[in-house]
Amino acid sequence: MADAVPVKLRRLVVVGLGLIGGSFAKGLREKGVFEEVLGVDRDPETRRLAVELGVVDRCEESLEQACREADVIQLAVPILAMEKVLAELSRYDLGNAVLTDVGSAKGNVVRAARATFGSMPPRFVPGHPIAGSEQSGVEAANAELFRRHKVILTPLADTDPQALALVDSLWCELGADVEHMDVDHHDEVLAATSHLPHLLAFTLVDSLAKRSENLEIFRYAAGGFRDFTRIAGSDPVMWHDIFLANREAVLRILDVFRGDLDALREAVDSGDGHQLLGVFTRARVAREHFSKILARRAYVDAMHNNDLIYLAQPGGSLSGRVRVPGDKSISHRSIMLGSLAEGTTEVEGFLEGEDALATIQAFRDMGVVIEGPQHGRVTVHGVGLHGLKPPPGPLYLGNSGTSMRLLSGLLAAQSFDTTLTGDASLSKRPMNRVAKPLREMGAVIETGPEGRPPLTIRGGQRLTGMNYEMPMASAQVKSCLLLAGLYAAGETAVTEPAPTRDHTERMLRGFGYPVDVQGSTARVESGHKLSATHIEVPADISSAAFFLVAASIAEGSEIVLEHVGINPTRTGVIDILKLMGADITLENQREVGGEPVADLCVRSAKLKGIDIPEDLVPLAIDEFPVLFVAAANAEGRTVLRGAEELRVKESDRIQVMADGLKALGVKCEPTPDGIIIDGGAYGGGEVWSHGDHRIAMSFSVASLRAGGPIRIHDCANVATSFPTFLGLASQTGIRVAVESN
Ligand code: NAP
């Protein structure tokens, strides 16, 4: 966000008082940013109305008159009129005025400015608000039109930074979200996201309306037709202008689309249902993904900032039976192995979080048809170990380190090249830990500086199995190498220095692929195949942990957590709580798809402080924030050592938890590799989760025994990792909700 407008400015001139120009003028006039807002329009009636409706202070007929002593000149005329207005302006002395525009295409405006001024004036900042309505004209001017809409500015290399900052601040004043983009990129993006859809809507309606039976078609037109063609009601003249102005970019995207349409025609013609299902499932998910992004944006905007606050009321007890969301590690692997299997794999209990969805998208991009997820059900139409197809572009893996590290192993052995990219945070994570051993197996992998993403993996290499002694315990590195081992000549053996999650080994066996595990070494050899199976993803023990602690500390509680994964590499939290005296019983123990699961019955108990055995630390590493809450409610002292890794998780979990606990009045002392907590009564207060979802949920649990309400700041990330947390919390008896303001 730009800073506020620096000082009171003298004069704003808006040329073209239609919907966009009028809204810009009216909004800034109401904010009192300029001493005077002046309008220019060629239509006298528009000029009269503009003053009458309070859009501007006054109007001038002459552009030259109006622009004298202007601080800012906004051009909001139709896009094909820009050149004429710019030509006129180039003849006047504009002093130090900043020039900007709102045209829907940017390349043509910049070309026109260069042609008329001789070169692009440094104080000209091209812009484009992504807002509008089906109305036009000054009567439609609306001071709120740009609130919570994007505005794209396309400065050039020699654009004056002060001019840019000023235009930025004016749009921010109107409540818009300003972004900067390169001119060509803007035109490409808009051609795809706005211009092409309008072209399709216009042509579909026209094509159907021309036909002799058109009355029939329109009489039976259902919601789908109405929704799809709504934008065909837009201003024909404006759109005619836009297609002429953004010709090249529109033609490029239109050709791409025509190719896709031909492929779909071919699929219909040849009865290729697989192709149709592939396109439709990918499209549906992409659409859902966009809706979620848009919805979250709107929600966060509604709060006016990013600080989503939870308010947790003191007291309460837990009861009922609940199932927390599916295990993330297992969800990822179910898609990967299901895609490489022969036959159709049904997955239930899939975690519909961003990370696992990124894995689904990557395999869809490589030609695998995947239906869902819907209510945790996913159907994967496997293509076999050698059936993946080259993706159309880089595989974008969002924030998911698991996806990137595991995929690099199996992509190293494909016949095609791939590039793996991620968001800003994933792009900082170290990938050499997988790239190095894969290279030793014969893979060709290029990384960014210091081994960071993006990774470019060259296809067509022959991998050879090896014996690898991992320098650090990492389930991701182990899994990556085992997946590469499915393709490598001979045997691939991985030895780990300490036990890590063994979901890959178990699931490979579930798909009928032999894996040999002896002590700390896991081995696979190539030459076998994966056969489709049914996977029921167990509930995630890391999510269950909040309820294990909650029911343990809240008097009078009894709760059953259904179908929780109790893989021995993950059950440290149960062992530690039992050592503290918790009453947890494992009922209905069974094995599903190679993974042990059980229903966990938890009753409240008097907890006591303990020295946490160091060998349990790696088996409970994600659960410590909520275990600290258990310690705060235990009698006596709890000491944790050997957990320095907690300092480099989503937050410094030792420090952030210690700060929060102290704010509530808990006696505790962080140490370099752990914490010392003395249990006892504590009050309410204000705590900060620093965007760390597990900290936010842990303090929600702490409220059960607090003396007053706990306000927890910065809780937005809970929605991505555990979207049903608030619902399950209130269903079971934890009184936490988003603070209403
Ligand atoms: P509009 O409602 O039709 O307004 C354009 C105004 O400019 C009209 O009052 C028009 O007068 C006047 N005008 C035309 N030529 C002129 C000239 N040579 N000198 C002075 N005034 C002149 O159009 P709009 O929707 O506001 O669009 C304006 C600009 O915003 C366009 O460049 C468009 O690409 C861009 N834009 C539009 C939208 C949208 O959804 N509407 C969204 C983003 C950006 P007459 O009525 O006499 O022609």
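Cβ atoms here come from the backbone N, Cα and C positions, even for glycine.
The active site, proton acceptor annotation in TrEMBL covers ASP622. Secondary structure at ASP622 (active site, proton acceptor), as computed by DSSP, is helix. With a 10 A radius on its CB, ASP622 (active site, proton acceptor) counts 19 other CB atoms from all the protein chains.
Counting every protein chain shown, the Cβ of GLN476 (phosphoenolpyruvate binding site) has 22 other Cβ atoms within 10 Å. Look at TrEMBL and you will find LYS328, GLY401, ARG429, GLN476, ARG653, ARG694 tagged as phosphoenolpyruvate binding site.
Here the Cβ of ARG333 (3-phosphoshikimate binding site) has 26 other Cβ atoms within 10 Å, regardless of which shown protein chain they belong to. The 3-phosphoshikimate binding site annotation in TrEMBL covers LYS328, SER329, ARG333, SER474, GLN476, ASP622, LYS649.
The domain 'Prephenate/arogenate dehydrogenase' annotation in TrEMBL covers 10-298.
Applying an 8 A CB threshold to same-chain residues 6+ apart, the list for ARG694 (phosphoenolpyruvate binding site) reads SER542, ASP622, PRO625, VAL626, GLU650, ARG653, SER721. Looking only at Cα atoms, ARG429 (phosphoenolpyruvate binding site) sits nearest to LYS649 among the binding-site residues SER329, ARG333, SER474, LYS649.
Neighbour density for LYS649 (3-phosphoshikimate binding site): within 10 A of its CB lie 17 other CB atoms from the protein chains shown. Residues LYS328, SER329, ARG333, SER474, GLN476, ASP622, LYS649 are listed as the 3-phosphoshikimate binders, and the farthest two of them sit 22 Å apart at their Cα atoms. When secondary structure is read from DSSP and collapsed to three states, LYS649 (3-phosphoshikimate binding site) falls in the coil class. Counting only residues at least six positions away in the same chain, the Cβ atoms of LEU351, GLY353, ASP355, ALA356, THR402, ASP540 sit under 8 Å from the Cβ of LYS328 (phosphoenolpyruvate binding site).
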